[in-house]
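Chemist: For reference, the structure I am asking about is given below.
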Amino acid sequence: MASHASSFSSLRTYLRAVSQTPSRFARRGFSVSTSYEEMSRVRARSGTSMRKSLRWFDLVGFGIGGMVGAGVFVTTGNATHNFAGPAVVLSFAIAGFCALLSAFCYTEFAVDMPVAGGAFSYLRVTFGEFAAFLTGANLVMDYVMSNAAVARGFTAYVGTTIGVSPAKWRIIIASFPEGFNQIDMVAVVVVLLITIIICYSTRESSVVNMILTALHILFIVFVIVIGFWKGSWKNFTQPANPAENPSGFFPHGAAGVFNGAAAVYLSYIGYDAVSTMAEEVKEPVKDIPIGVSGSVIIVTVLYCLMAASMCMLLPYDMIDPEAPFSAAFKSDGWGWVSRVIGVGASFGILTSLIVAMLGQARYMCVIGRSNVVPAWFAKVHPKTSTPVNASAFLGIFTAAIALFTDLDVLLNLVSIGTLFVFYMVANAVVYRRYVAAGTTNPWPTVSFLVSFSFTSILFTLIWKIVPTGVAKAGMLVACGVFAVAILQFFHFTVPQARKPEFWGVPLMPWIPAMSIFLNLFLLGSLDGKSYIRFGVFSAVTVLFYVLYSVHASFDAEGDGAIDQNVESKESVDQSFKV
């Protein structure tokens with residue numbers, strides 16, 4: 001095939017390319033790939049293959065390390081004091097169940113298509129290049145900002161542990177604006193050291209993660225045991241001030257339990273990074289389901305036990321929303337335990353950083369393979385078998401943000417992208433099961449997904465806005481009945497176009513539909529700043545796609561680097577039986 005002239009070879013050719021943006025967008029924006037394409041030609045663009053060195057226990061370790069960071073020590077207090085009371089144990093169980101539903105959707109794709117792209121690849125083979133890039137770019141940005149926030153949190157926890165204020169470790173620059181004027185060199189050093197580790201070897205990264213995760217779990221078990229030993233069962237039902245606060249295990253009813261679940265759900269984010277390791281797993285069909293689902297189940301049990309031990313130590317109305325465990329032990333004369341918690345949280349921060357930074361690099365690597373960002377990011381180093389370029393670039397970028405930006409500024413900007421991707425993956429697994437390109441009418445499935453999402457959004461708005469009462473209960477029941485009716489009608493009238501050969505989400509389409517609803521419900525719990533950030537960065541992403549990505553992708557198609565009709569490969573896709 002003759003080489004296609006690059007859209008970026010000169011200013012004149014670029015301006016000509018921009019003038020053709022609508023037609024190029026129509027051609028490339030909705031072009032879908034296949035599992036076969038992603039695992040052959042697309043993966044080959046990285047040059048050297050990533051080494052298959054991981055087993056199920058590595059994935060379980062990565063999943064636990066990614067989820068059990070320092071966040072649980074904060075979210076537990078907020079959810080208990082302000083929402084659920086002692087029933088926060090059930091809030092964690094419900095949130096864990098929600099996470100498991102999303103994990104099932106990820107697992108079906110990861111087993112079918114064991115590549116490093118995670119959600120980006122799953123959406124690319126389902127909804128096309130533009131939807132994949134929009135969600136993938138948001139997710140990478142969320143990873144970077146979250147990692148920067150967590151790295152700055154490490155400074156705070158280490159300072160608490162050794163009794164030195166974090167402010168003494170940071171350099172104050174008065175001329176910089178508030179929130180960006182505290183220089184944190186410790187956070188920078190931590191990020192750069194982890195960057196070196198993940199560039200060197202995924203296998204060695206797993207070993208480091210396993211050691212730190214084991215130490216972290218030992219500290220968590222210690223806290224649980226001390227809590228059950230020192231605590232009292234009466235604190236499950238009796239507040240300290242019954243005159244002002246309701247009594248019982250459910251002081252704020254079912255609404256409090258579900259609001260608490262929304263508050264603690266972010267403690268489970270991290271298992272999605274495990275799916276980006278799929279390309280490096282020795283036996284994907286066996287190891288990925290155990291690794292992803294197993295880690296979510298183990299973490300759910302740990303979280304429920306932690307919540308129970310905390311509720312035994314203090315009545316729920318005395319629990320500190322900001323530092324629940326440390327404050328609980330200090331009030332009981334066991335202040336030294338708060339330092340133990342600081343040590344454990346520090347280990348948790350390091351493991352969550354390792355897993356998240358591994359994940360963000362693999363996302364960027366596969367986005368580079370698709371040519372919507374420079375292909376330089378896709379390169380895998382021949383000696384280390386890791387995506388060194390993507391790892392180094394994002395590591396330096398994360399360190400730069402961690403150097404200046406305050407924790408509170410960053411925390412207002414994370415999570416929405418991850419929940420949005422969970423929502424998109426749940427939609428994608430339904431679409432992929434019920435629609436086969438070129439042979440199945442997609443509109444019944446699209447209509448179901450749109451109507452079900454609309455009903456879920458309506459339910460969420462009623463839950464958040466309408467005052468408590470009979471009218472609210474009636475509207476919520478009506479929405480629920482309508483959603484179930486839509487689901488049942490779709491289930492009985494639209495046949496599945498594909499059956500997974502190796503592993504599939506059970507109870508299709510019920511489990512993905514529940515995941516769709518729950519992720520939209522949780523998105524409704526986020527603040528306005530999160531949506532502003534999401535809107536602004538999404539607009540920047542669209543602009544980047546229109547000005548660069550669509551033209552680079554079009555050039556790659558012209559050069560034969562991207563198949564011009566990937567849908568025709570559905571007939572040879574080996575991962576599904578149609």
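Even glycines carry a Cβ here, placed using N, Cα and C.
Sequence annotations record features per position, and here TrEMBL assigns domain 'Cationic amino acid transporter C-terminal' to 503-553. For 56-77, 83-107, 119-141, 183-200, 207-229, 249-271, 292-316, 336-359, 410-431, 443-463, 469-490, 502-524 (among others), the entry in TrEMBL reads transmembrane segment.
Each of the listed features needs to be described in terms of its position in the shown structure.
Modeler: Averaged across the domain 'Cationic amino acid transporter C-terminal' (503-553), the predicted model reaches a pLDDT of 88.
Long-range neighbours of the transmembrane segment (83-107) within the same chain, counting only residues 6 or more positions beyond its ends whose Cβ lies under 8 Å from a Cβ of the stretch, are 76, 118-119, 122, 235-237, 239, 246, 248-252, 256-265, 267-268, 271-272, 275, 288-289, 292-293, 296-297, 299-300, 303-304, 307-308, 311, 316, 422, 425-426, 428-429, 503, 505-506, 511-512, 514-515, 518-519, 522.
Only residues 6 or more beyond the boundaries of the transmembrane segment (183-200), in the same chain, are considered here, and those with a CB under 8 A from a CB of the stretch are 147-148, 151-152, 154-155, 158, 169-173, 208, 350, 353-354, 357-358, 361, 381, 384, 386, 388, 391-392, 395-396, 398-399, 402-404.
Taking Cβ pairs closer than 8 Å, the transmembrane segment (207-229) reaches residues 58, 61-62, 64-65, 68, 197, 302, 305-306, 308-310, 312-313, 325, 328-329, 334, 337, 340-341, 343-344, 347-348, 350-351, 354-355 in its own chain, all 6 or more past its ends.
For the transmembrane segment (292-316), same-chain residues at least 6 beyond its ends with a Cβ under 8 Å from one of its own Cβ atoms are 56, 59-64, 66-68, 72, 76-77, 80-81, 85-86, 88-89, 91-93, 95-97, 99-100, 103-104, 106-107, 110, 217, 220, 223-228, 230-233, 235-236, 238-240, 245, 251, 264, 267-268, 271, 274-275, 324-325, 328-329, 331-332.
Long-range contacts of the transmembrane segment (336-359) within the same chain, counting only residues at least 6 positions beyond its ends with a Cβ under 8 Å from a Cβ of the stretch, are 62-70, 72-73, 118, 143, 146-147, 150-151, 153-154, 157-158, 160-161, 163, 190-191, 194-195, 197-198, 202, 205, 208-209, 212-213, 215-216, 218-220, 222-223, 226, 270, 272-274, 276-277, 323, 325-327, 329-330, 391, 394-395, 398.
A Cβ distance under 8 Å defines the sequence-distant neighbours of the transmembrane segment (443-463), meaning residues of its chain 6+ beyond its ends; these are 427, 430-431, 434-435, 472, 475-476, 479-480, 482-483, 486-487, 490, 493-494, 509, 513, 516-517, 520-521, 523-524.
Sequence-distant contacts of the transmembrane segment (502-524) (same chain, at least 6 residues past either end, Cβ-Cβ under 8 Å): 98, 101-102, 104-105, 107-108, 111-112, 262, 265, 285, 288-289, 416, 419-420, 422-423, 426-427, 429-430, 433-434, 448-449, 452-453, 456-457, 459-461, 463-464, 483, 487, 490-491, 496, 575.
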Chemist: Treating G and I as helix alongside H, and B as strand alongside E, what does DSSP give for the domain 'Cationic amino acid transporter C-terminal' (503-553) in helix, strand and coil?
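Modeler: Computed counts for the domain 'Cationic amino acid transporter C-terminal' (503-553) are 40 helix, 0 strand, 11 coil.
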Chemist: Could you tell me whether the transmembrane segment (249-271) and the transmembrane segment (56-77) are in contact, taking contact to mean 3+ Cβ pairs under 8 Å with a sequence separation of 6 or more?
Modeler: yes
